[in-house]
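Participant: Dumping the structure here so I can ask a few things about it.
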Amino acid sequence: MGSKWITNNTEKYLSYLAYLLDKIVPMTQVVAVAGEPVYLPCDIATQDEEDAVLLVLWYREDLGTPIYSVDARERDFGVAERWSDESVFASRAYFLPERRPAELGVDRVKASDQGVYRCRVDFKQAQTRNSRVNLTVVVPPNKMVITDDKGDVKQAIVGPYIEGDTFTLKCDVTGGRPRPWVKWFRDEVETDTPATPLSGNGVRGVLRVGPLTRLDVRAAFTCRASNHARAHPIETTLTLDMNFPPLTVHILGSNQPLSASRRYDLLCQSSGSRPPASITWWKNGHRINNAKETLSTDGNTTTSTVSLQLTKSDAGAKLACRASNPQMPSVPALEDDWTLDIQYVPETVVRLGTNLDPTNIREGSDVYFDCNIKAHPYVYKVEWRHNGKTLLHNVGQGIIISNQSLVLQGVGRKTAGNYTCVGFNAEGDGESKPFSLNVLYAPTCRSSQQRVHGVAKQERAHITCHVDANPPEVTFRWTFNNTANSNEVSDTYVSRAGTSSTVTYTPHTEMDYGTLLCWARNRIGQQRVPCVYHIIAAGRPDQVHNCTVVNASLTSFGVRCSEGFNGGMPQSFLLEVREIVTQEIVANVSSAVPRFTAVGLNPGRTYAAAVLAYNAKGRGDPYPLRAGTLRPPEKHHVHDKSLDLPRTAFQMSASMSVAVGGGIILMVVLILFMIAVKQRCAKRKPRSAPPPSSQPASPDKLREKEDSESDDRNPDIIPSDTDQMQMDYYRQQQVSTISPPLGSRGPRGSVAGVRGGLPAYCPLRTAPPPTHGNMHEPTIEEGYSYGVLFVQNAGIPPPARFASGSCTLPRGGSVTGTPGGEARCGIPLQHLRTLPRPATAATAAPPNAPRVPPRDTPL
């Protein structure tokens, strides 16, 4: 009973003391946020300089013992002993005596640190001082939960929603002292937020959003809660996610023509879809799968690229591009389509006229073609080609082009070949497949054949006749003509290979030399003009002519000549270069053509050159000429000053000048006198010059041996007066055949201005002499066979050496009895370019002239 009374009285006493303290001791209000440092003030200042603080004690009113002390009773206050209760502040408390007023600092204040604290200060002289501090600890809210209409907790993203949707967000905040407040912000703009208290000192803030539009996408909704201005608020931000269907879809560059067979990268763009649209390509309802998609940096535009190589068959096809949102399958896709306009290179086909048979088109008939064209855009030009060469409208040549038709009038073998038509439009030029025009024609003699064959007696020759014919199935017929008769060639001597036929022929007598005629026939018809081949006695080639020196240098020069008749056999050419004095050969060059280059010569020298032709029968007459190399440039020696010697000045006197001038005049007079004497001697010296001729000798002309040696010299050569060696080059060695009648001098035939005759070149033969010895006037028997005139000279006796075989063909002769006094050789001009000039009455020898024996030169 007594102890209970004492306890009750003690509590009452303490309550009374607290009341007294509240009335007497001042109190300071301090607010701190949990987790932050707090400073509790305590005044320890003294008014007397000799006074000092001995002891500082901190109490918490709910505890009876000190919780922190600073003891300076036995030492200086600067090094006073500090103590902190481990159950209250422990190491978080520290005293700051230097501040005014002094403060007790507490780090990381806790919610349990809230209370009333008293500071007691004992001085050395002054009375003890007490002060109180009411510490209020603010505890921020520590938990926030946001839920949607479905009760799902949202942390960063809310949605996705579509346009027109509405939704509600609830923000629940718990914990904290005092009760926190809750606010909603949209893009940092505060909205009206109704709050509802929750149990446990919590609170709920509600936000209602909608209806949504495209502008609401990515909107930021923030729930923020706090309970003190100094306390850091807690917040959660949600971003609104929305799905949108595509707004637009376009095929870029649509409705433009495209070229066939070219590859195009077509683009389709769609924008406004969230998430990005899925784009697909379709052609006539069939999906194209090789498309590639790219996304813009803002994610709003999707570009799809498809690579297509279109053809002509795609013209009019529907190409579609569809854009859809895969997250919104219920929304129909947007589509942009394009009707393809395909342009292509013209497609052309050549058609022969409907009433023409391509297998039976004969030479001389008319042919026409049509060009069928398919093109888009249509052609602006049509061109016809023959064997790749463009044909032009030319009525004179039988080529008529009208629009898309080609007419060929009077077709021939040259007209045959491949014909194409070409159409031109903006896409290019399209050429048709070639149409082969096959023109049938009768055989004709092929050009570039060997028309003259030199054959020796008892020598087997193979004469080949080449013809052009279509169709090439041909048969051949050969005849042999001479001055006496015309005979068919037996088939045993004839062989055939394709469009060629070969006769094996061996002349035995002079009558076996003549003209072979070749005819061919196919189903179109017979050859109109035969192929003519002249069989002559083989001989040496003629002399070359028109030789010139070209490209002279220090050590070489070139010689160019024109070749003469080859004697009926293949010929080659030889250039000999000799020293003029010693006649030593310094260069010997052979060639298949008369073109030579002599090298390795000495500079500044003149040489004697000779060009001659040769074949299997021997050498022709040489063509002499002189040629020289260039002189080397003069050398300029460098002046050596070391050779200079002191010399005295030289001055010419007046008398010396007169003497020098007189000497020069005398020398000039002497030189002029010598020139005059030399010219007079040259005029007096006899010279054998060739007869004048307007043009150089032709190799295709029959030549005749003259009585005088000067008549046989080449008119292209000018004889030299100083070198007798050059005179030997002018000596002609002709091949004599049948000599003219005694006392007659054959004319020097001239065709196209060419002097001289053609040796051993005439297909006509003289008939054998009559058996009686009486001389009578010559008679002429003329007969025409395919344009060939046959002449028989019955009154020309054979020469003395006829039987030896060295004389084979007539060189020329005098024949009378023809109209106009002319005698013609039996070779048609279209087959032999060079003929002997006929003898006239003026040039014919009188009948009673004495006979002169023929002068023959051996082969």
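Using N, Cα and C of the backbone, Cβ positions are placed for all residues, glycine too.
From TrEMBL, here are the annotated features:
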- 700-715: compositional bias 'Basic and acidic residues' (COMPBIAS)
- 836-846: compositional bias 'Low complexity' (COMPBIAS)
- 847-859: compositional bias 'Pro residues' (COMPBIAS)
- 22-136: domain 'Ig-like' (DOMAIN)
- 141-239: domain 'Ig-like' (DOMAIN)
- 245-341: domain 'Ig-like' (DOMAIN)
- 346-438: domain 'Ig-like' (DOMAIN)
- 443-530: domain 'Ig-like' (DOMAIN)
- 540-633: domain 'Fibronectin type-III' (DOMAIN)
- 683-724: region 'Disordered' (REGION)
- 836-859: region 'Disordered' (REGION)
- 656-677: transmembrane segment (TRANSMEM)
Participant: Mind checking how the domain 'Ig-like' (245-341) divides into helix, strand and coil residues in DSSP?
Facilitator: 3 helix, 51 strand, 43 coil
Participant: Kindly state the mean pLDDT of the domain 'Ig-like' (245-341) in the predicted structure.
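Facilitator: Per the prediction, mean pLDDT sits at 92 for the domain 'Ig-like' (245-341).
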Participant: Per DSSP, what is the residue tally for the domain 'Ig-like' (346-438) in helix, strand and coil?
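Facilitator: Result for the domain 'Ig-like' (346-438), in helix, strand, coil order: 3 helix, 52 strand, 38 coil.
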Participant: Quick one: DSSP breakdown of the domain 'Fibronectin type-III' (540-633) into helix, strand and coil?
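Facilitator: Its residues divide into 0 helix, 49 strand, 45 coil.
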Participant: Give the residue counts of the domain 'Ig-like' (141-239) per reduced DSSP state, in the order helix, strand, coil.
Facilitator: 3 helix, 53 strand, 43 coil
